[in-house]
Amino acid sequence: MGSNDIPPPHVSPSYHTICTILLGSGGLLWTTTYVLMIRQSLRDRTYSMPILPLAMNFAWEIIFSLYVSETVQEKTVFATWMILDIGLVYTMIEYGENEWRHAPIVGWNIGKIFFAGTLWWCWALWAFCSWWLDPDSPVNPKHGKIHVGIIGLDTTELGYWTALVAQVVLSVSLLAQILVRSHSRGTSYVIWASRFFGSLFGLVVYYHYCYYAWPEAHGYVRSTSINTGWKMASSDDDEDLKRAIVMSLEDSQPAGTTPSSSANTGTDSANEDEDLRRAIALSLQESEITNRKESDQPSTVDCASSQGRYAFPLPHLNDYQSHNSLGSIPVTSASIKPSSGLLGLDRKAMEAERLARLGKRKRSPSPKRPSKMAIKPERENELSRDNTNIHSLIQYSRGSIKRTWAFQHPRTDDIKIEELLQPSTLNIAVLSAFDFDVDWMFSKLNPLDVKQIWIMNAKGEDTQKKLRAEAKEQGIPPTLKIHFPPMDKPIQRMHSKLMLLFHSSHLRIAVPTANLTKFDWGETNKDPRTGESWQGAVFENSVFIIDLPRRKDEKVGNREELSLFGKDLLRYLEAQKLSKNVVEGVLKFDFSETHHVAFIHSIGGEQVSSARTGLLCLSSALRELNLDHVQILELDYAASSLGSLKVPFLKRLYAAASGESGSKSLTKVPHNFLDRMRIYFPTRDTVVKSTGGEDCGGVIILNRSSYAASGFPKQCMRDYRSTRPGVLSHNKILLARGVKEDQMPFAWVYIGSANLSESAWGKQKTAQSASHANWECGVLVPVAEEVLKKLDLAEGEVPPMSVFKGTLEVPFQHPGEMYRGKQPWFFN
């Protein structure tokens, strides 16, 4: 078993050779054990292997040779054992009656009992193996594991558990047999040694080597050992530990001090004591519950359980991957698995982290209380420090576009997720994404420390109810709330990415192209042995960030006084039915530095043609920012997903990007406008040769039928190649450059969640209505006038791509290589 496996690159090339040697050694010793048992049984005129384990072994060899094994060498070994089992069965039937004189009915029918037991074990093992290897719903699938040509089916772990049970049954039965018989005929030290070393090499050493060489696919070996040791070591100490903690808490409060008197001291110690007690109480309650499997055990196929190009969901397991980002499956009714829990929330782990932080503060010596004379200067110093901290926290008062950080690539104008979130001062986070890597997000923001609202994608009221119920069952704290925007027809998905990060000093608004998964933010899996990542980033994204200071009057502002950016942001939040507290919370911050940018949204559903959303939101914003009246326009659109592109839609997009709207807008689009549009999307060669390889292509979407359709704008296609070698893109960026009618140059950037499709920007149904299948949002950022004035351009000349320097770091090579016969990456 495991002969057809394809280990990831970090596994030693000698992996299969060493596995074959270990299994071969174990198999040879077990074959020797069978032969010795038969010989000893004939000598002592008895049988060596008890009825139950012999029936189980015989059935195991039948099922694994005929149903599970694939290679000739495996089938040969199992067939050899079956033949030798016949000898063991013969000695049992021939001499069994002599050993069952105390129960003659068993002795008289020992052959029938064995035959019935073998049939039952065959049925049980076949049912178990069929359940484990079900192609549609396999147990613990893993990348690199292959069975009957299907990636993910793991016969190695199947063999581990079934063989382990068989070994335990055999060991217990052999001991019981000696006790019942009161003699040791049928066995010998040589048989014992042969079986011991056979099991040692073929089971213990083999599987532990598999874990050592390929830990993410064999974590069950380590967890079995750890759980066994923990159960043996922990139960006797619980009561003593609890008593010690209680005594410690009693000692921590000075004699004669009451809670009320402590509160009057004006320090934080009483609150910290109470938090510490609550945390310990929760931890003690959790300790009485059976420990869940280690969260880092990579027993299922997910982004946290594998490495590199084997670190992505199995294609045949993810029917949703056409709308999915790496890391986890979108929330649909098909993806909810109550057994594993919606969010995988480890309440105990979060309480432990909180306890550690509180304990650390508790151990720190408390400073002496200052005298009354010292209070005033101390307060002045504190205010000075606070002003300094506020100034350092507000980093992007006018807004900035950053690339996401990418592991093993030089840092440029990029940002890490931790740098974006500023978790040490974060109070409330409203997070919107199409896809959440839950465990990874909890490692970045603990919901027990930071209040959070997750705006998630879930189609259908039943799915949403089931999801909420499961979240409740998982014990999600009230500090984390799940929100679903309206998803009525024709809305298909909540695809927008938006962060509202509330700090005491400021509100950070972030609009990324990335989902909330580790791969989208440039991280990769860590080697369980070292805790370090080893493979470079496989994906990159971009993010717009702006920091808004809190209003000086600390009151809720008047929405009528907001900038264009603020008004459209609020309209979008209200359309998504977010609570009044969120909207009013946003209004407590100063939008005065946002007049130069625009918030662009697509509100899901049927919209009248005059509704300011989708392409109309884009064109209206351009007019508000004085970026209309265009004479020449060049567009460069980088997308990770392309819909069924047709010329009429691209014409409407071009008109909107010119600031035009209305029935006459299309007449102003030049007939050769496709020559002025470039669509950046990777070819198959680019994806295959990337760091992660073609297994990373699940979020880069273009259907073959769409590309083959007549009218698809193939002349616009350019190969998307990142300026970071080997990194694929999940960006959605529209770059516009041109000349206005007054001969003044201009340039602007759209960055957000909208891919190049009618689902994202809106489909014109009639002259009076448009349909938006997606919730989307983004930001439009013009290139500053002072940058444009420095350009040395001839009259009517379009600014070069270098004009964006200082506004954003263009992440792809431009103008981009034309396909010239190459095929784009198709999502199958």
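Heads up, the Cβ atoms here are built off N, Cα and C, so glycines get one too.
Taken from TrEMBL, the feature transmembrane segment covers 15-37, 49-69, 75-93, 113-133, 158-180, 192-214. Residues or ranges marked as region 'Disordered' in TrEMBL: 249-272, 285-306, 356-386. Taken from TrEMBL, the feature compositional bias 'Polar residues' applies to 250-269, 297-306. Annotation source TrEMBL lists compositional bias 'Basic residues' at 357-371. The compositional bias 'Basic and acidic residues' annotation in TrEMBL covers 375-385. What TrEMBL lists as active site, nucleophile is H495. The feature substrate binding site is assigned by TrEMBL to K497, K732. According to TrEMBL, the active site, proton donor/acceptor annotation covers H730.
Taking pairs at least six residues apart, the transmembrane segment (192-214) and the transmembrane segment (113-133) share fewer than three Cβ pairs below 8 Å and do not count as touching.
When Cβ-Cβ distances under 8 Å to the transmembrane segment (158-180) are tallied for each of 49-69, 75-93, 113-133, the top count falls to 49-69.
Scored by C-beta pairs under 8 angstroms, the transmembrane segment (49-69) has its highest count with 113-133, from the stretches 15-37, 75-93, 113-133. The Cβ neighbour count for K732 (substrate binding site), using a 10 Å radius over every protein chain in view, is 27.
Proximity of distant same-chain residues to the transmembrane segment (113-133), defined by a Cβ-Cβ separation under 8 Å and at least 6 residues beyond the stretch ends, is recorded for 51-52, 54-56, 58-60, 62-63, 67-68, 89, 92-93, 106, 139, 147, 153, 155, 158, 162. If you measure from the Cα atom of the residue listed as 'active site, proton donor/acceptor' to that of K497 (substrate binding site), you get 12 Å. If you take the Cα of K732 (substrate binding site) and the Cα of the residue listed as 'active site, nucleophile', they are about 12 angstrom apart, rounded to a whole number.
All chains included, 27 other C-beta atoms sit within 10 angstroms of the C-beta of K497 (substrate binding site).
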